[in-house]
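First the structure, in the form of structure tokens, and then the observations on it.
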């Protein structure tokens, strides 16, 4: 027994002397909802500038995934959910390295089922629950764990707030109703994913507390408040309408009272519509031509010369009547009644 202990102790002391690097410690795969993270811890070693390389087995050969990283974890979420994998990691320093540390892993069996999301609606003496399964890493938003596991269900646990007695119910649907609860009582609820065929459970969600109502009667103080508010709103509305109409009436009355009234003759004219029609037709149409009279004035001397033809031969030719012949467009002077002049009038259009 003593030789074995001495050999083991000698080998342990020779490790730092020969420069051998110890492997990573506490290597494990931490997978939640198919987010696969390989984690480890830095080994006890005098030098602190160690790096690490992590690999996974693909088609019977290992592929580097995280090479010479100073981190103590490596993300393997890209792996298929239905395969069996061997992943490994080692510590490195310059050209030296430690032994590999292997971990076997099957995502669909080993991943941890995270807590679902839950919404609660209080209705009378019951609580209506709605669930959402956890989403899958590196998949579209519509993909959840329910799309991966055919036997997916929800396990609901609820209890009255302040008590230790808990009740459970399992539902394969995305909703559940907790009935026959005590009215006006606060209940706390939490939910977890559950695989019926594997009897495998996930993590519990955080408790959510909600108060129930009462379907039979509504509290009298609520009815009183609603009634008072309704009456007050109607009263204010009617009062506002009355004030607006009163202001309009006062403004209209003041306007007509202070304004000047129409003249009496204009009121009489407007009171007989046929006067307006007569006034309209009293003006000539715009296309009608103007009418004027041409007046000719003939003196007695001119008339006498016409009666003595012999005198006309000896006399000089008659002179231009000049200004004694006038044309007037609108009006012409009329001769006096005692003037023996002959007036002739012709109309031209």
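Residue numbers in this text run from 1 along the chain shown.
Cβ from N, Cα, C; glycine included.
The annotation topological domain 'Extracellular' is assigned in Swiss-Prot to 20-220 on the grounds of sequence analysis. Among the features that Swiss-Prot reports, domain 'Fibronectin type-III 1' is placed at 23-111, with the record citing sequence analysis. According to Swiss-Prot, the feature domain 'Fibronectin type-III 2' maps to 112-215. According to Swiss-Prot, the feature transmembrane segment maps to 221-241, an assignment based on sequence analysis. If you look up Swiss-Prot, you'll see 299 marked as phosphoserine, on the strength of a large-scale study or a structure entry. As annotated by Swiss-Prot, region 'Disordered' applies to 300-349.
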Residue counts (helix, strand, coil, in that order) that DSSP gives for the domain 'Fibronectin type-III 1' (23-111): 4 helix, 51 strand, 34 coil
Across the topological domain 'Extracellular' (20-220), average pLDDT on the 0 to 100 scale: 92
Tally of residues which DSSP labels helix, strand or coil - the domain 'Fibronectin type-III 2' (112-215): 3 helix, 52 strand, 49 coil
